[in-house]
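Here the structure comes first, spelled out in structure tokens, and everything after it is commentary.
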Amino acid sequence: MTKYVLHRLIHIAIALFFIVTATFFLMRLAPGNPFASEQTVMTQAIQDQLNEQYGLNNPWYVQYWDYLKNVVQFNFGESMYYRGRSTNDMIFESFPVSLALGGQALLIAVGGGILLGVVSAMNHNRAGDYISTIIAVLGISIPSFVLAGLLQYSLGLKLGWFPISGWRDAASTVLPSIALGISYMGNIAKMTRSSLLEQNTSEYVKLARAKGLKRWAVVFKHSLRNALLPVVSYLGPLTAGILTGSFVIENVFAIPGLGRHFVTSINNRDYTVIMGTTVFYAILLLFAVLIVDILYVLIDPRIKLEGADN
């Protein structure tokens, strides 16, 4: 396991290098500059001064080398739009909000998806199966931003149960978490259902039932654990989906999270914030995939990791 983790850390470092490089050159190839949108209130002399201050007048290789050195030190520099504010401070101020939103959406997706999948599989071709499948299909079919608008209108404006924007208390987290988690809940429900149906026809389950174990005892003690392996493997893409999905949801609900900063920085051509948040998200995703791989082995010890010690 230790050998495998070390191998993966090396791969993560290589992947981050390519991500950092690609992000840097894509920003440099993009038309315009960070101060172009302010040219109506900013003279050319001031723009030239800011370009010099942020090193934009330096040759590309000098800028690239300076950027690499700063990334290694986890220093993303000062925002080019919100001058005087550090990109690091903006990330660490807003990330806890995005983490809370993503964590709640993850709980809804995984918890609700497994519950629906189990109910569907244990009531195969009956009412419970049909109802659970309809809920799962609707969750997958409706885009998160459409669901967000429906929730805001119905539960927020009409019924007044929850706030429709902001991030102030527990009540204001409910609608965005549901909007973000529902579509992934549908995918997990379908995975759990098909995997559990397959496990229920296996020999070890038939043997457990022949020994007199009750139906639900067989599910929770034997078949569900193996049925959840596809769900565990889906946690990597799920984490990526929730992180990127939060970009839209945070803007719809006016949540001051990292995703909203990322979208705003693109509109403002704020190079330092764009590159800083991109690298930060890349680190999160790469380590999330590593953790999922390790969890996969802990759940099923029969699986061997490539490069791991025997």
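Including glycine, each Cβ sits where the backbone N, Cα and C put it.
Residues or ranges marked as domain 'ABC transmembrane type-1' by TrEMBL: 95-296. Here TrEMBL flags 12-30, 95-118, 130-150, 170-189, 231-253, 273-299 as transmembrane segment.
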Return yes if the transmembrane segment (231-253) and the transmembrane segment (12-30) have at least 3 CB pairs under 8 Å (sequence gap of 6 or more), otherwise no.
no
Interface-richest range of 12-30, 95-118, 130-150, 170-189 toward the transmembrane segment (273-299), CB pairs under 8 Å:
12-30
Same chain, outside the transmembrane segment (12-30) by at least 6, Cβ under 8 Å from its Cβ: which residues?
60, 63-64, 67-68, 71, 269, 271, 274-275, 278-279, 282-283, 286-287, 290
